[in-house]
């Protein structure tokens, strides 16, 4: 067996003769799980605002935002300062103790919910959107259990939905392609038709613990539920004694122009899972729930080692504060409308767009030709990063600091890239 120190010296020497990208590709192929498939062939080493830079200094406009994660843009000074300060003080003690940024962030998020919806709200922290959705499901079932309603265990979600890849969240997800090969999945999940009020009414009963949905289905290609459906879902839940869980993991944190996307419908959910953009890139998840519902997670019923740790909570607190201080929700609404209008002009010029779905800076574009992946790849080579959802849908989730000038620059690259692939 080769001595580890010798191996490390050889490996380090080998790295120095390679480009960073080729080095990472080789190590990834040899040592990493290959569940992400062929990654995009670029190694990004630095970010500033809406711009990313690779090892050669090439600049890219980031219209993906880490999949709706980088709310404030890259290297935001307030968040960076909060992370550095916290790392220099203390990183972890466990939830046996009071953690200052965690408690302050819980207060901030609960107060945001109270201002939006009235009443008293509480917040629990975890590490991801999947964990937040798992916790929401547990709360709904635990509440029914505590009331002695032992048959009320069903969770009704929607076809085409995505709630995460852990087993409970995967069972809630309404896309069989993600579930294949991972059975048996947890029982008690019903998938109702997307945007179909009558089908939802048919599937909700006295056995329903909760109805759970994304107000805008992100992984399906930015598919918004109708206002009528969301309002009706609240009514159907009330008629049947079920909770309403609105999954704001991707659509929350101001991305649509309001802190919660469901504020547009004036609906009050019972539980709100969040994650992604909450800490500008530091892993975090949160569950915001009405206080009387949160009370059913009593000591010992749920917990997490790392949830709400010093670093994540400090980054989250700085992110939420900056979101309000810099009026970024208003910017998301204004610049998002401008972006959608420019996409409409491009559609008129080319005739390749069948539909544009936009709310704030959460934008999906359906193409009438299967060239979304080809367009994404060409655009990346030309300095614009966005996402392709399958062959025919492009998805834009840029930082909320995006300006109209940056939209114009991105559209110029998009137009040129489309011309290249003709």
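Just so you know, glycine gets a Cβ as well, placed from its N, Cα and C.
Copied from TrEMBL, the annotated features are:
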BINDING   129, 130, 162, 247, 248, 249, 250, 305  pyridoxal 5'-phosphate binding site
BINDING   165, 304  N(2)-acetyl-L-ornithine binding site
MOD_RES   276  N6-(pyridoxal phosphate)lysine
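Annotated features taken from TrEMBL, shown on the structure.
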residue : record                               : contacts (Cβ under 8 Å, 6+ apart)
129     : pyridoxal 5'-phosphate binding site  : 163, 164, 247, 249, 250, 273, 274, 275, 276, 285
130     : pyridoxal 5'-phosphate binding site  : 163, 164, 165, 166, 169, 285
162     : pyridoxal 5'-phosphate binding site  : 173, 174, 175, 178, 214, 217, 218, 219, 220
248     : pyridoxal 5'-phosphate binding site  : 214, 215, 260, 261, 262, 272, 273, 274
304     : N(2)-acetyl-L-ornithine binding site : 95, 125, 126, 127, 131
305     : pyridoxal 5'-phosphate binding site  : 94, 95
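Residue 129 (pyridoxal 5'-phosphate binding site) carries a helical DSSP state (H, G or I). Most Cβ neighbours within 10 Å, among the recorded positions 165, 276: 276 holds that distinction in the structure as shown. Across the residues annotated as binding pyridoxal 5'-phosphate (129, 130, 162, 247, 248, 249, 250, 305), the two Cα atoms farthest apart lie 25 Å from each other.
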